[in-house]
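Feature annotations, courtesy of TrEMBL:
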- B:6-26: transmembrane segment (TRANSMEM)
- B:38-57: transmembrane segment (TRANSMEM)
- B:63-81: transmembrane segment (TRANSMEM)
- B:88-111: transmembrane segment (TRANSMEM)
- B:117-141: transmembrane segment (TRANSMEM)
- B:162-180: transmembrane segment (TRANSMEM)
- B:211-233: transmembrane segment (TRANSMEM)
- B:245-278: transmembrane segment (TRANSMEM)
- B:290-307: transmembrane segment (TRANSMEM)
Amino acid sequence: MLLTIRSLTKTFPGTLALDAVDFDLAAGEAHALLGENGAGKSTLIKCLTGAYARDSGNLHLDGAPISPASTLEAQELGIGTVYQEVNLLPNLTVAENLTFGRQPVRFGMIGQRAMRRQAEELLSGYGLDVDVRRDLGSYSVAVQQIVAIARAVALSGKVLILDEPTASLDARETEMLFDVMRKLRDRGLGVVFISHFLDQVYEIADRVTVLRNGKRIVTEETAGLDRLRLIEHMLGRELEAQTAEGAQQPAEPADPSARELHFEGIGRRGKIEPFDLSVGRGEVVGLAGLLGSGRTETAEVLFGVHPAQVGTARAPEGALDLSSPRAAIAAGFGFAPEDRKTDGIVADLSVRENIALALQARRGWSRPLPRAEQNRLADEYIRRLDIRTSDAEKAVGDLSGGNQQKVVLARWLAMNPRFLILDEPTRGIDVGAHAEILRLIEEVTRRDGMSVLVISSELEELVAVADRVIVVRDRSHVAEFTGADIAPDRIMRAIAAPDVAAPDEEAA
Amino acid sequence: MSARTLPLIATIVIFLLAYLVCYLQFPAMLSTRVIGNLLTDNAYLGIVAVGMTIVILSGGIDLSVGSVIAFAGVFIAVMLRDTGLHPVAVFAALLAITTAFGAAMGGLIHVLAMPPFIVTLAGMFLARGAGYMLSVDSVPIDEPFYDFLKDAYYLMPGKGRLTLIGIVMLLSVAAGMVIAHRTRFGTSVFALGGGVQTARLMGVNVGRTTVLIYAFSGFMAGLSGIVFSIYTASSYPLAMVGTELNAIAAVVIGGTILTGGAGYVFGTLIGVLTMGLIQTYIVFDGSLSSWWTKIVIGMLLLLFILLQKGLLRLDIRRRAGAA
Amino acid sequence: MPQVFRRILPQVLTLLAVILLVSLVFPGFVQIDFERGRLVGPIIDVLKRGAPVALLAVGMTLVIATRGIDLSVGATMAISGACAAWAISSGYGLIPALAAAIAAGILSGLWNGTLVAVFGIQPIVATLILMTAGRGLAQLITEGRILTFSHDGLAFFGSGTILGLPVPALIWCVAAVLFALLVRRTALGLLIEAIGINRRASTIAGINSRVLLVAVYVASGFCAAWAGIIATADIRGADANNSGLWLELDAILAVVIGGNSLMGGRFSIAASVLGALIIQTIDTGILLAGFPSEFNLVIKATLVIVILVLQSPNLAPHLARALRISRGAPLVGSSAAREAGE
């Protein structure tokens, strides 16, 4: 084996990010690393490249134990990494990027011609036709990725880690990148490839390792691996026992006339293809799909974070303006985003202030929410959602991730919206709180008549709470299940590929 | 055309157009005499702006340079008055001090991880205070060597004088161009301006580079102080208030992006000359008031900032479209 | 509210320490006399002379809370002062003169706010434009001269007294109290802090961050206008070249001394105003104590560096830990410490 990782463990305050993970990489192999957000992929990569210090475990490269303390050290050992973004500097030329730190120097001055020659040499064999004197930023992302790969290979030359390199490439560009990857593999490099696109994994990877919740679930040859099984590995079936009873609950018959919100042809270029969606009063609509499939984009378009370019939204009282979050809130919408750290919490403000924030924003600056009312709200939701905090005045940034998520949820529940969008509401939350949040969704929909759109990668969770499940794939809505048709295996098939999708699929 | 070269081209076009307008109105402005004066009068600004260009390219800012120039003037005058040292020795001592001063600020910026703006603000107060401590009053410089430096010039065809300090400025610009565009250090400066995180990933020694950048700016401010003391043959601790602002304006008008990462040292020279041209025009015109200089410079600043913002957006949109 | 007192305690202690130090060298510093219907004494002088910086610090606090900075306040002072002097010397009367000055300040703020919030230009870059051009505009109004006037009504704002207290001192006190009430009795303070800490999350929570951003720059312009009126009234003339020169830096310094983080977020107007008073006390104290005034700048520089060390995300956690062990007191810049601790 070129690279072996044995029982790698890494903890962050409150979470076990990697739990005794094993991983092998052979020379001349393309190895895909799969898993949903928070599965531990990037933590694994960062421990491997020295960006994080591991708690325990062994790394061996070419049989020798290694322990890189920084990405630069890892690079010198032979492990090069290309991230999806933040790779090279678009404001430098291609040649400067390629030769950075090793520019040919004469009398302290960089030899322009020598640098150009060196750069062109490095790029030869990658099939690129670029002028290395131009700014890197003037080329497409695909070219930039390949330049980054060329640099990483030139610097390290044993292991190449590609972190979602195809996320923003089109089909032709992806093919170009794969050609490069195949060539490097054939030259004897070990390539680790992280992607969410299963088609690509099957196309390029020799073996697959799936991580979930910080554990290695499986490592298998791609050739013999059933697509459905792979998705099962990724999404897991942990919740089965816990919510089995919820799944058997008869879903209310969908009555189109009772549908309250109608979205027609809503879409935004580069985010999500136009789709139709109707949501009934008290209905829970689930949105299933892999990371990067367009599920979060659907939510952001509906909430005006990235406003729709086409399409209309209607409610019983008339057309709705969803051009900004403010407008969406005025229309009675709420949105608990997936990335709570950057989009959800306001870290330095207290739990009380975070919960009152949206309510206060809607009331306007001139009508402050009385302190007594704020305290009441905070106390109520700390109790109802079991938010673990010493008191309501603690800064939200000091809470654990799960509790931060509950604070964001509390913020929107306090608004009593008619349509609440929850993007991965249970990620990173302990099992008890998990069930609690699902129960809460039931409660607000059945009792208060709130409509909810739940985005989740845990299918069991969707099956448990949703009256209807929509499947998103490749940036468009591809299937819809209602009533008894909502079942994990059917959904999984629809996520996997069109040809194995459920028979009652309706293409959007 | 890339987002990097367009502002430079815009700078040059604006300068040439402005010069054409000046020439059409006052044909005398196209003489080597005016050009020589333009270089001489703006020599101190050009030199300090070269240092500022490097700082801004790295994504930083140096507010201390005006005070450092004033300190330099006072230091030179007091040393010449109170010690028997030869001016060249005084110059060397001064440059060592200002370079070390800049390096110290760079070190603080890196170690404290604080915005350069506020750290160099402290440097501004400190340098100005140090100048005051040496002398509160204006000190004349009475030194034969100074007269020699002041009167050294090359007579251009057309009786224009290319003075020594003008030449120093042009050499500084040339040195700045080499350092910024032709050395590993220069590439690291651009890398920092492109993004500290990425730069670090690519192997830039961020701390060392930051210290060197501000040391270079300190050196250039010291050199500018020497040139200014030759130009005025006196010193005054209150002099040069606001020079940092003019230097920043010259850099931006020269097409360098104020957020760092893109620009040309040569553009800064054009920026300095453009600002000098506005002043010269006002002098030639005679009826225009001096405050129009500030207003026009402000308008140019706005123009370039909006131009760069627009280019950036266009760039992002184009790349999004391509993806 | 004990919380408020705990927040401003370091500034109060620093101010007291500075006063004590000055008194040691110049014993008459704290002495206040009543002469010809007005209070006189070094402390009163500090209250009066500190007015422009204190006023600017009020507006600057709000701007910095949104993670911005306003470099143009000195130039705005000059414009407003010029407007007031021009209006009064053109015979428009007191009210129109004040209105013109304040309108100029608000327009300046609108300009800055639009560049920052609508065009998305970095605050330091956006306000640099007006910092450069503003003084030219002011000179345009005064036509390059010191535009003097003899109108007792306007001069009253610079040198008058009410109940024995100098009017400029009263103006900044009123402004500080009004703004503090405005942001703390309404939700403005909370909303401003929210966009300063996390603008994206705040926008998703429905806060109109664009309008709020413009508003804080307008507030800053408004405060600068009053500072300009005071400076102009004090010398009975508008000096476009020197009015408010470099006061933006003193104002930023006052905010920083007030323990407000340059990274935005939690703010205290009271602490900023105390910061302005600390600066002015040092200024006046050095003069009275007979030290050369050049010490002033060196002391300011030292102050800045000390505060930067206290706020530094690299050092603050260690310092905070060391201090907490020794005395258990809160520290300035604790938010920065937390950010780094994550």
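Note: Cβ is positioned from N, Cα and C throughout, glycine not excepted.
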Checklist line | Positions whose Cβ lies under 8 angstroms from the transmembrane segment (B:88-111), at least six residues beyond its ends | finding: 60, 62, 64, 68, 71-72, 75-76, 79-80, 119-120, 123, 127, 145, 206-207, 210-219, 221-223, 225-226
Check: Does the transmembrane segment (B:38-57) reach the transmembrane segment (B:211-233), going by 3 or more CB pairs under 8 Å (6 or more apart in sequence)?
Finding: yes
Margin query: If contact means at least 3 Cβ pairs within less than 8 Å, sequence distance 6 or more, would you call the transmembrane segment (B:6-26) and the transmembrane segment (B:117-141) in contact?
Written below: no
Margin query: Counting only residues 6 or more past its boundaries, what in the same chain has a CB within less than 8 Å of a CB in the transmembrane segment (B:63-81)?
Written below: 44, 48, 51-52, 87, 90-91, 93-94, 97-98, 101-102, 105, 117, 120-121, 123-128, 130-131, 134-135, 139-141, 143, 217-218, 220-222, 224-226, 228-229, 232, 234-245, 247
Item checked: Remote residues contacting the transmembrane segment (B:117-141) - C-beta distance under 8 A, at least 6 residues beyond either end -> 61-64, 66-68, 70-71, 73-78, 80-81, 101, 105, 108-109, 214, 229, 233-237, 244
Check: What stretch of B:162-180, B:211-233, B:290-307 shows the most Cβ pairs under 8 Å to the transmembrane segment (B:245-278)?
Finding: B:290-307
Notebook entry, point to check: Same chain, outside the transmembrane segment (B:162-180) by at least 6, Cβ under 8 Å from its Cβ: which residues?
Noted result: 36, 39-40, 42-44, 46-47, 50-51, 53-54, 57, 149-150, 152-156, 186, 189-190, 216, 220, 223, 227, 230-231, 264-266, 268-269
